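For reference, TrEMBL has these:
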TRANSMEM  B:37-58  transmembrane segment
DOMAIN    B:40-439  domain 'Oligosaccharyl transferase STT3 N-terminal'
TRANSMEM  B:105-125  transmembrane segment
TRANSMEM  B:137-157  transmembrane segment
TRANSMEM  B:163-180  transmembrane segment
TRANSMEM  B:192-208  transmembrane segment
TRANSMEM  B:228-251  transmembrane segment
TRANSMEM  B:263-284  transmembrane segment
TRANSMEM  B:290-308  transmembrane segment
TRANSMEM  B:320-339  transmembrane segment
TRANSMEM  B:382-401  transmembrane segment
TRANSMEM  B:413-444  transmembrane segment
DOMAIN    B:583-638  domain 'STT3/PglB/AglB core'
Amino acid sequence: MKLLLRLALYVAAVLWCLLGVVLAGPPGVKEQPPALSTAELLGLARQTGKPIFIKADAEFNSLFQLTSASSSERAYDLFLIFTSLTERCPNCMSLHPTIELAASKLHTEQAAGDRKNTFIAVLDYADVPSIFRRVGVQTVPMMLYFGHKKPLEPVPFTVDSSSPIYVSLGNFLREQTGLAHFTLTPPPNYFRLGMTALVGLASVVLTVVFWRKFLTPVLRIGPLLGLGALFFSVYMLSGHMWNRIRKAPRSVAGSLISPGFQTQNVAETNAVAVIYALAALALLGLTVHIPSIPSGSFYKRRGFVLFYAVLLLVTTSVSFAIFRAKIGTYPLRLLF
Amino acid sequence: MSTSTMEQKPAAAAATLPDEASAALQRQKEQAQRSRLFVMRLVILGLIWLVAFGSRLFSVVRFESIIHEFDPWFNYRATRMLVNSSLDDFLNWFDHLAWYPLGRAVGGTVYPGLMLVSASIYRVLQAVNIPMDIRHICVFLAPVFSGATAVSTYLFTRELKDERAGLFAAAFIALAPGYSSRSVAGSYDNEAVAIFALQLTFFLWLRAQRTGSTLWSLACVASYWFMVASWGGYVFITNLIPLHVLAMVLLGRFNSRLHTAYSIFYVFGTLASMTVPFVNFQPVKTSEHMAALGMFVLLQGVAGLYTLRRLMSPAAFRRLLVAGGLAALVAGASALYVLRDTDLIRPWAGRFYSLWDTNYARVHLPIVASVSEHQPTTWTSFFFDLNLMTVFFPVGLFLCFRRFGDAHVFAILNGLTAVYFSAVMVRLVLTLAPIACVLSGYAVSHLLDYYLGGVFGPADSPAGTGHPPAVGTPVPAAAAAAEASATPTTEPTPTKAATIPAAAPAAGSPPGTLGLIDRVSVLLPLVLVLVVLHLHCIFVTSTSYSNPSVVLSASLGDSRMIIDDFRESYSWLRHNTPQDARIMSWWDYGYQISGFSNRTVLVDNNTWNNTHIATVGKAFAMDEANAFDVMVQNDVDYVLVVFGGLLGYSGDDINKFLWMVRIAQGVYPGDVTERAFFNSRGQFKVDETASPTMYNSLMFKLSYHRFYSTSVGKDRVRMVAPHSSISRDTPLASVEEVYTSSSWLVRIYRVREPDIFGRTVDERFSDFLPALKPPLAPVESVLPRLALSGAGER
């Protein structure tokens, strides 16, 4: 009974780790705002604190043009985001939450009716390809800040990989809008926090349960170094260096695997690393843990033997399955 | 299986027996057992050799006995040269067919080991009256040597554990795709013999530092010499062995055996390596080799300190240590500073530098970045090349930490460095594969030791980590592990075996108490996994690594079509152009043109002169008039381009074109700009939206000239129709078409004569359109789209 409980704990911990990898992709965000005239667009933006989604050429023209009263001035600044919110542009997808955040932050910090108000307008290639052609946008995401005064020379904002996007975008907007205290801080990711807490909790529980029998020998320095080497090589073998050098996207539109030989994404390499590590731990359990169980506790040993054997078989099968999902023509399989 | 090696007599076990007669009987029995096992091991190794050889013959069976790819063609040509002349002639060979007009001093720019091996085999066979064409020797050299690699891997792994682990490792390396990718029949490249030398050097080093024998050390030097003569990857050894020595010193395992082995290795190894003309004075001048020198000096210092400690009082010794350490630090730093400032030591070579700073190559060295072998490695590549060894290998690493003998320290360092480098550069998976096989064999054999322990009788008491070795029974692996403090000839005492951390848990259960269910439930999955691993290795070697790439094949339903355009065209060049004709092509095809056609080329796969390559890139990238000038300046007679648009061969020159542009831009930024080759939407296109620079470039025109006359219409690689500037009435002004192969894969043009009145191309041809020749017979429109399983991959 106690053994079964421990097995269940193990399985639960493994499942949690897997779930964390599978589910941690960014949620896709796409809004469908009703849009008509400039006034309505602005009104909506003021009301909701969301960026303006431009859905038609006419909207863009009316939003962008100068007011008739004074031809040298527009009533507001415009921050245009040329983007493509499909899986073909993972960078755009990962940028978008920050844009929404900036819009809502601007909404709360700017006094209503101020002439220097800034509005963020998002142009999705799927909606208005004609504008992209007219402006001559060649790469997305492209971000241009248009002040309200002439000359209408845009200030481009380029993503700089040296600092997080919300920091550099916050600094940029602070400079352009003149709001002295404008900064962007991302909302806490409760999902990830929860996952971390759960995984941490699971490890603590496992540590407490297995402390004396299993973990004490691990804590000796030699095996600890060995584990370090093991995880280092698993990290390397699961292609994480490729991710670092090529700056791989985290995941492409929520799907775990980017098919093909030459590309990969972070989520899939994480999954592979977890699979490899689990298989390696199963082998280690068989080679190191089982012999350390005293010969008296026969059923305990048999339980662990079966557990490790099944774990080995399942993880290796999964690695074949992932590889087959990647390379469609690959014929080999183990269990599934 | 036996637990004792041939040289270790089980004296202790025999001495405990009272009865002389039964002791003799026992000895006899053990002797018989040992020789039986010895024969079995020989047979198994022989079978492994056969498997290694046989699994690499797919390309010969499917195609023919032919040299593959690009670099092997140069090696083959050089070997023919060596066979037909003397060694002196070979080392002094100045090849005027390459790098026109510069030429290439081959003797000083080539690793001659491979050619020497083939030529020696050829000579020996000749001497015993077995006439064999040198081509067959070259084709089958790599498969034969992979069997030898398996044997050297066996020896290497035996140093870590025992014969069982060795046999597993040998079986792994015989099949591992990461190694077979470079050693299939026809893949006549340096790596074919170098991996054997690598493993052999490692084994001999471990043996040398274990025994401290001068003979073994010299054997290690000889093997290292062979390695240096064979492959530039010898630098891996040059740095790994000093690293091992450093680790040993830091672990407090310095001893006179290590001192002897390394001193001999460094002094004689360096001298030996300098006899290779290509290496020359590099071992004493470049940074890659400085670690070995530094370690040599350091080791002498350490040896001196150990001697002093014996002679001095502890307090005096401590004072000396502090003062001497500071002085050495200051002296070393300033010496390094002076050496660097006086340029006596050159900084790291570019290719090695890109290993450390992964962005360096992309920014500074487009020629390095353009080669797909220099890209980082995806997890699919690892899985493809190592399969589940990606799991066994880390486990083996971990187990090495438990045992942690001298050989294990070496295996750990080897494994960790190799896995890092192979992750950064996909080509270096080749250096990971051997150690991955060694450690996988190590891990699997540990597992089997325990779960098969006691099954085959009590004589089979295994030496696994899980339980202590029986008292008094000498266990070779344990002996190696306890080597740190023991002298080589004495047997490890039980106390020493017990001091190995975690090797003998007190409450350990002997494997004899395992139930049948336990054994089966472990062995069954393991065997399954190993079988699938085996199938994977054969599958990969067969489908992906056995394509000659000189000959292509396409499947037409259930039949097969051989596409032999390359050899067709090279043969045309050989028979239809003047002996001294100079042929311009992208560098990929240089070796093949000089090898097949025996004609002069401007650039080839040696890529030693970036400017020259950039000049060729510039000629292809510029418009016809300017390209004509460049070609005339370089005395080009013929231009060869590879065009896959009709066949669907994706590795053609249009797909490589951006790299040509980039490399040309690096040298001629005023003439060539990469941006201009992208259309208004930032795409690299050949259809109607192509940028003017693109569709005016020589490469575009040469590729799509008369493409309209085929009934295909669409380019089958890019899946678009080419830009309409290539239409029926546009003849080429600077060149004329002389040959196009049957599937249009290779197109050859003759450069027109320069004008005797000094007019430019535009002036000459603006009002003169040469009469258009009737189109060639239309190509069959049902040409198959290539099933590109591996043709364009590597």
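Keep in mind that glycine also has a Cβ here, set from the backbone N, Cα and C atoms.
Sorting each residue of the domain 'STT3/PglB/AglB core' (B:583-638) by its DSSP state yields 33 helix, 6 strand, 17 coil. Between the transmembrane segment (B:105-125) and the transmembrane segment (B:137-157), the number of CB pairs under 8 angstroms, six or more residues apart, is three or more, so the stretches are in contact. Counting only same-chain residues 6+ beyond the ends of the transmembrane segment (B:228-251), those with a CB under 8 A from a CB of the stretch are 111-114, 116, 190-191, 193-194, 197-198, 201-202, 205, 209, 258, 262, 265, 272-273, 276, 279, 283, 288-289, 291-292, 294-296, 298-299, 302, 352, 406, 409-410, 413-414, 417-418, 430-431, 484. In terms of C-beta pairs under 8 Å, the stretch of B:137-157, B:290-308, B:320-339, B:382-401, B:413-444 lying closest in packing to the transmembrane segment (B:263-284) is B:290-308.
Among the stretches B:37-58, B:137-157, B:163-180, B:320-339, the one making the largest number of Cβ pairs under 8 Å with the transmembrane segment (B:382-401) is B:163-180. Counting residues 6+ beyond its ends, the transmembrane segment (B:163-180) has Cβ neighbours under 8 Å at 1-2, 5, 37, 41, 44-45, 48-49, 51-52, 55-56, 146-147, 149-151, 153-157, 195, 199, 384-387, 389, 429-430, 432-434, 436-438, 440-442, 444-446, 448-449, 534, 536-538, 540-541, 544-545 in the same chain. Outside the transmembrane segment (B:413-444), and at least 6 residues removed from its termini, the chain residues within Cβ reach (under 8 Å) are 149, 153, 156-157, 160-161, 165-173, 176, 178-179, 181-182, 191, 195, 198-199, 202, 233, 236, 240, 243-244, 247, 354-355, 358, 372-377, 381-382, 385-386, 389-390, 392-393, 395-397, 399-400, 526, 530.
In the predicted model, residues of the domain 'STT3/PglB/AglB core' (B:583-638) average a pLDDT of 90. Packing against the transmembrane segment (B:192-208) from elsewhere in the chain are residues 113-114, 117, 141-142, 145-146, 148-149, 152-153, 155-156, 159, 173, 179, 182-183, 216-217, 219-220, 223-224, 226-227, 230-231, 233-234, 236-237, 241, 244, 261, 264-265, 406-407, 410, 414, 430-431, 433-434: each is 6 or more residues past its ends and has a CB under 8 Å from a CB in it.
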